[in-house]
Ligand SMILES: [Ca+2]
Ligand SMILES: [Ca+2]
Ligand SMILES: [Ca+2]
């Protein structure tokens, strides 16, 4: 369904085409949203969103559109060095802050999360991977977000 939005038919989506695609799935993004998503869903790092990348991440973008304030807040909170990835050390720090979890428990949880959700195996969570953690881990993720919120 996105093919027709790719007006010059090269498989790449410019910002405008990308925005139109998002509207197709019921998401009316702001310019800030577009920039954020372009940054985080450009999986192959060529600076453009391909239709393929959009399709791969469509369930995440959909979830993002429903909970973006909550998710983006949580992501920013975990990404303490602001490099666009949540490294395990960053996550460990949040989890163990104020003795929320023991270091041992936190390490256990992290290794499970990495095993299940680090799709590309680079040992850190991209925004897309992080949203997937939140989507599939249910209770845990609510705890994570709540904890991050409480510590503002
Ligand atoms: Ca790309
Ligand atoms: Ca980081
Ligand atoms: Ca990863």
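Just so you know, glycine gets a Cβ as well, placed from its N, Cα and C.
Some features that TrEMBL has for this protein:
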DOMAIN    1-28  domain 'EF-hand'
DOMAIN    29-64  domain 'EF-hand'
DOMAIN    66-101  domain 'EF-hand'
DOMAIN    105-140  domain 'EF-hand'
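For the domain 'EF-hand' (29-64), same-chain residues at least 6 beyond its ends with a Cβ under 8 Å from one of its own Cβ atoms are 2-3, 6, 11-15, 18-19, 21-22, 71-72, 84, 126-128, 131-132, 134-135. Break the domain 'EF-hand' (105-140) down by DSSP state and the numbers are 26 helix, 2 strand, 8 coil. Under DSSP, the residues of the domain 'EF-hand' (66-101) split into helix, strand and coil as follows: 25 helix, 2 strand, 9 coil.
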